[in-house]
Every structure is written in structure tokens, then in C-alpha cells.
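Asks: The disulfide bond feature in Swiss-Prot is assigned to Cys155-Cys192, Cys178-Cys228, Cys184-Cys230, Cys207-Cys215. Taken from Swiss-Prot, the feature N-linked glycosylation site applies to Asn62, supported by sequence analysis. The region 'Disordered' annotation in Swiss-Prot covers 77-96. Feature annotation from Swiss-Prot assigns signal peptide to 1-27; the stated evidence is sequence analysis.
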Amino acid sequence: MERCPSLGVTLYALVVVLGLRATPAGGQHYLHIRPAPSDNLPLVDLIEHPDPIFDPKEKDLNETLLRSLLGGHYDPGFMATSPPEDRPGGGGGAAGGAEDLAELDQLLRQRPSGAMPSEIKGLEFSEGLAQGKKQRLSKKLRRKLQMWLWSQTFCPVLYAWNDLGSRFWPRYVKVGSCFSKRSCSVPEGMVCKPSKSVHLTVLRWRCQRRGGQRCGWIPIQYPIISECKCSC
């Protein structure tokens with residue numbers, strides 16, 4: 001099994017690349033720049049019977065009634081009853097390339113926000129001088145280096161609309177994913193992976209054949225990725 005690069009290797013690489021020396025504040029002996037590995041959260045696709053006989057009819061899609069059934073679980077920020085304008089097209093070829101560009105554009109638009117991780121904020125950079133003396137960098141340069149490290153390990157959740165099909169209401173749900181097409185560590189070797197998920201309550205059309213076919217809407221929990229972390 002391939003092991004993750006050690007923290008010592010990470011620090012050595014920073015020294016080589018930046019020509020600087022980094023030491024954690026408070027006399028700590030180890031610098032945890034990277035988050036610990038997390039679960040992959042395998043959110044499997046739902047498998048539906050292809051026979052259209054199990055699809056809801058037009059009379060079963062009364063939006064007023066369905067909104068009443070869903071109640072306060074309806075979240076307009078993550079649910080839609082009609083195709084959202086920014087929903088990426090499926091399929092390969094040009095559509096797939098356009099979707100990749102849209103994903104990259106969304107990634108570039110996001111920047112680290114909130115509180116800077118303590119592991120990065122606590123870094124103290126010093127520049128080696130003659131006779132082994134050290135000199136601390138200016139606050140401005142130190143801040144730039146910290147922001148660079150933060151941006152390299154930043155793992156935002158990328159959201160896109162997903163069509164669940166006619167057997168779910170609302171039919172369109174905004175799902176999350178982690179951008180894993182580039183490494184999120186220095187040196188390279190780790191990628192952004194799902195670390196947390198939340199559940200949306202949606203309605204699912206279910207048919208039972210016992211005593212004749214009977215169908216109806218039932219509430220189900222639909223998981224979506226809510227957090228990504230830099231992991232092995």
C-alpha cells in the first residue's frame with residue numbers, strides 16, 4: 001500500500017522550494033499541515049426499475065399536495081421542481097468538456113474563508129543568514145506564505161444540480177463533490193476527498209405488488225457531500 005508522504009518530507013520540500021525555514025510556534029516538534037485521512041463516504045447511485053409502469057402519472061405530480069407532504073423539509077437552495085438554468089449537461093464529448101470547465105471555474109472562484117487552520121497560522125518562517133543566524137520574515141511575507149499553504153490544501157465542496165428522475169420529488173437536487181483532479185498537498189500525493197455528508201429529505205415514488213400494485217409517495221433521506229478534506 002502506498003504511504004502518504006511524511007510531515008518531515010513536507011517540511012523539507014518547503015525548505016527546498018521556498019528557500020526558507022519553517023518552525024511551528026510554541027516549540028511544537030511536528031507540523032501537521034495536512035488534515036488526517038477521512039472516509040470516502042461512498043454515496044451510491046439509486047437503482048430504479050426501468051419499466052415505465054412504475055413511474056408516477058401526471059395526477060400523482062400535484063405540486064401543492066407534494067409540497068404539503070414534504071412540509072418544512074423543502075429547501076429551495078438545494079431543491080428544484082424544474083431544471084435549474086445552471087444545471088450542467090450530461091454526457092461526454094463537448095458537454096463533458098464544458099462540465100469540466102464549469103467545475104474548474106467554480107473551484108477558482110472559491111477561496112479559503114473563515115478562520116485559518118491553526119496548523120498554518122502557527123507557522124513561523126525564518127530565513128537562514130551567515131554564521132547560522134536567523135531572521136524572521138516580515139509580517140506581510142509571512143502572511144503571503146501562509147495564504148499560499150492554505151490555498152494549496154483548501155478543499156471546497158463543488159455543487160451541481162442532479163436530475164433524480166420522475167420518481168423523486170423534488171426532481172432536481174443540488175449535490176456536492178470534491179475536486180480531485182489536482183493534489184492538495186506539498187509535496188503532491190494527497191487529494192481532496194469527502195469527509196462529511198448531510199441528508200436532504202425528498203419524496204420517492206414507491207410501488208408494491210402485494211395484493212395488487214399500489215403506489216405512493218414516501219419520504220426518504222438523500223445524502224449529499226457537505227465537506228471535503230485533503231486526504232491520502
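Backbone N, Cα and C define each Cβ position, glycine as well.
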Asks: Would you mind checking how many other C-beta atoms are within 10 angstroms of the C-beta on Cys215 (disulfide bond)?
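Replies: A 10 Å sphere around the Cβ of Cys215 (disulfide bond) contains 16 other Cβ atoms.
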Asks: Fewest other C-beta atoms within 10 angstroms of its own C-beta: which of the disulfide-bonded residues Cys178, Cys192, Cys228 fits that?
Replies: Cys178
Asks: So what sits near Cys207 (disulfide bond) in its own chain, CB-to-CB under 8 Å and at least six residues off in sequence?
Replies: Phe54, Gln213, Arg214, Cys215
Asks: Near Cys230 (disulfide bond), how many other Cβ atoms are within 10 Å of its Cβ?
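Replies: Its Cβ shell of radius 10 Å holds 23 other Cβ atoms.
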Asks: Given a separation of at least six residues and a C-beta threshold under 8 Å, show me what packs close to Cys155 (disulfide bond) in the same chain.
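Replies: The list for Cys155 (disulfide bond) reads Cys178, Phe179, Cys184, Cys192, Lys193, Cys228, Lys229, Cys230, given in order along the sequence.
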Asks: Give the helix, strand or coil assignment DSSP yields for Cys178 (disulfide bond).
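Replies: SS state of Cys178 (disulfide bond) = strand.
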Asks: In terms of DSSP three-state secondary structure, what is the assignment for the residue listed as 'N-linked glycosylation site'?
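Replies: Coil, per DSSP.
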Asks: What's the most sparsely packed of the recorded positions Asn62, Cys184, counting other C-beta atoms within 10 A?
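Replies: If we count Cβ atoms within 10 Å for the recorded positions Asn62, Cys184, the smallest count is at Asn62.
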